[in-house]
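**Student:** The following block contains the structure, expressed as structure tokens.
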Amino acid sequence: MMPSRIAGVIKRMQLGRRAVIAFPLVWLTLFFLLPFALVLKISLSESAIAIPPYGPLVEYADQTLNIFLNLGNYLFLLSDSLYVAAYWGSIKTAFVATSVCLLIGYPMAYAMARAPGRWQLILLLLVMLPSWTSFLIRVYAWMGILSNSGLINNLLLGLGVIDSPLRMMNTQFSVIVGIVYAYLPFMVLPLYAHLTRLDNSLLEAASDLGSRKINTFLKVTLPLSMGGIIAGSMLVFIPAVGEFVIPELLGGPDTLMIGKVLWEEFFLNRDWPVASALAMVMLLLLLIPIVWFHRYQSRELEE
Amino acid sequence: MMRSRRRPSFTTVMLVLGLLFLYLPMVVLVVYSFNESRLVTVWAGFSTQWYGELFRDQQILSAVWTSLEIAFFAASMAVCLGTVAAFVMTRYGHFRGKTALSSMVTAPLVMPEVITGLSLLLLFVQMAQLIGWPADRGMATIWIAHTTFCSAYVAVVVAARLREVDRSIEEAAMDLGSPPVKTFFFVTLPVIAPALAAGWLLAFTLSLDDLVIASFVSGPGANTLPMVVFSSVRMGVSPKINALATLIILTVSLATLLAWYFMRRSEAKRQAAMQQGEGV
């Protein structure tokens, strides 16, 4: 009697365990993973004037099964220099913005981690607070500041520093300012998390042994905060490559970015297959950064 | 220590400058929301007329309501999904599909929104063709999309807390014959409750804030607040949006202040308890 009852309990527990695992696994597979397969599928279909606006991949007619794999969308991306330029522009812009974020964010996070205990929470909340307001409105704020009749130009004109307004809006500069402004908190947060964990006795040991400050920083602090640098940089770089709102509101004709091109292909041209192909290529380009981020993050998640 | 008397260090200066950089644009938004002129850049005297116009704008008001509704339900579902995901990741050891699950939890954190939005739209379109649902895209599809990406953030927040929690209490409960479900609800859940609250709030703000994904998966029926703001902002600066921004900044600041107060109080309580414990 007993063993079979125990076996029953164990079986029930394992069933429960499987059900618990299945809940997030099935949801995320259905609504996160499967959609990517569909993007791949649509990227291989032909654009059509229909609802939805693409042709079928598989057709069965006259006892023949026809499978259409249309590589035309991908070839089209390669042939039109607009798309290549947009990919390159996105990566370049995201890289510069990420570097600026790191240069500003690292000293900020360092100062936060060194601050007296009761200040740390306040500083952390102060850095994070802007990101809890509205992203859109924070980008919008810069439109009023950078435009030709904006705050900075009015100020400089009023002071007589310049005679004609500086053109800052709708340039590479305004896009980078926007990205740095919007994403800075996401750079600071992981850096701070790593720098607070840093063992102070290591730094003291280094200085006791006569290491100069800059050497201690380069040989102890920097390597030990590498995890934070990678996480922070990826949290800025990857979304920035696909950014749409910032180039749309702050960018101009010479700030081509792929997120905006994809948006226009989809909403204005209604060319879903080309938009899908654009998304697939972007995903491919970002695969290595995403895997890198995942490897760091899953260590944080599971350990 | 000696350093307090010296001139402020480079990193402190950078921190102050960084915070100024983060806050000055928001201050500008708030100041110009009280400007009488329609031009955002010219000061013409104090006025609250734009707030009046904001509250008369039916489109914005109904969009606020739609967004709050979606955010409430998306955050609630994301907390359920994210907590279970975090629990499974931190407590279940190895199981089949763990790598897949952990990838699907971390990838949404960085995935460009245009990709997520497009891919979910294609899913909904195909589902409508295959099973007839969702016939109309709108609040339900936005809810699913927001739940999915928000649950990743919740999972990260809750997993961080689960790793800190002393597992011996859970193990003791199980050793004493408490079934796993009961142990979870009566032992684990109370301890991680602050993380659930933090995760819920984070998911709520993320959902309220999303423009790109909602634009892809929404139909003609549902306009969220960011969608309405975006179509207005595209036309240029408008003092009405400044008024809206001011109210958002005010709300978030008050909520943060409240959160800070409670965090500090619970920290003080914990320290007092620890000191008492040492005294005994």
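Glycine residues also receive a Cβ, built from the backbone N, Cα and C atoms like all the rest.
Checked TrEMBL, it gives:
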DOMAIN    B:64-259  domain 'ABC transmembrane type-1'
TRANSMEM  B:12-34  transmembrane segment
TRANSMEM  B:70-88  transmembrane segment
TRANSMEM  B:109-128  transmembrane segment
TRANSMEM  B:140-162  transmembrane segment
TRANSMEM  B:183-203  transmembrane segment
TRANSMEM  B:241-262  transmembrane segment
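Tell me about the setting of these features in this model.
**Tutor:** Non-local neighbours of the transmembrane segment (B:12-34) in the same chain are 40-41, 43, 46-48, 50-51, 239, 242-243, 245-246, 249; each lies 6+ residues outside the stretch with a CB under 8 Å from one of its CB atoms.
Among residues of the same chain six or more beyond the transmembrane segment (B:70-88), those with a C-beta under 8 A of the stretch's C-beta atoms are 95, 101, 105, 139, 142-143, 146-147, 150-159, 162, 184, 188, 192, 196, 199-201, 203-205, 207-208, 222, 224.
Residues of the same chain lying 6 or more positions beyond the ends of the transmembrane segment (B:109-128) and with a Cβ under 8 Å from any Cβ of it are 134-135, 137, 141, 144-145, 148-149, 152-153, 156, 210, 212-217.
Tertiary neighbourhood of the transmembrane segment (B:183-203): same-chain residues 71, 74-76, 78-79, 82-83, 87, 146, 150-151, 153-154, 157-158, 160-162, 165, 169-170, 173-174, 255, 259, 266, selected by CB-CB distance under 8 Å and a gap of 6+ residues from either end.
Long-range contacts of the transmembrane segment (B:241-262) within its own chain (CB-CB distance under 8 A, at least 6 residues past either end) are made by residues 26, 29-30, 32-33, 35, 40, 50-51, 53-54, 60, 201, 205, 229, 232-233.
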